[in-house]
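According to Swiss-Prot:
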BINDING   GLY89, THR92  Na(+) binding site
TRANSMEM  45-65  transmembrane segment
TRANSMEM  82-102  transmembrane segment
TRANSMEM  106-126  transmembrane segment
Amino acid sequence: MCLNIFRTFKSYFGCNITFVPKESALVGIGGCIGSVARYQINEWIPSLLGTFIVNVLGCIAIGFLMYESIYFGAFSRNSRLFLGAGLIGSFTTFSAFATQTIEAGLFYGIIFIAANILCGLMGVFIGRQIILRGRRSWNI
């Protein structure tokens, strides 16, 4: 089954993308649980400490899940989709960032860290500027 949006994407970019309902549902359900868990932790422990705790817990969880899967095959693909891409992915995106940084090695890892921090800060600044300038021009 291929949705129209994916057909358009395929014809424009030449990519073969298909919609897989079961796998998408696993990621979506896990994502729902992870985002609610993150919200609750940040309600209980507001400020940077809550975010720090969420990120560290997410890194521990993704490290356990992925490396347990790689070395011991302990989790099925569906479990990795539900837990990794869904639950942990929505709980924190920092866990994926940390895993990819370690796997990149020292040189590329440093570049990856610097680029993510710089681009992340620039993205927040640009988004903020769009809103601030838009509000002024829209008289909101």
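Note: Cβ is positioned from N, Cα and C throughout, glycine not excepted.
As the structure is a computational prediction, the values presented were derived from the model and not from experiment.
Cβ atoms under 8 Å from those of the transmembrane segment (82-102) belong to residues 26-35, 37-38, 54-55, 57-59, 61-63, 65-66, 75, 109, 112-113, 116 of the same chain, restricted to positions at least 6 beyond its ends. Put plainly, the binding-site residues GLY89, THR92 were compared by Cβ crowding within 10 Å, and the winner is THR92.
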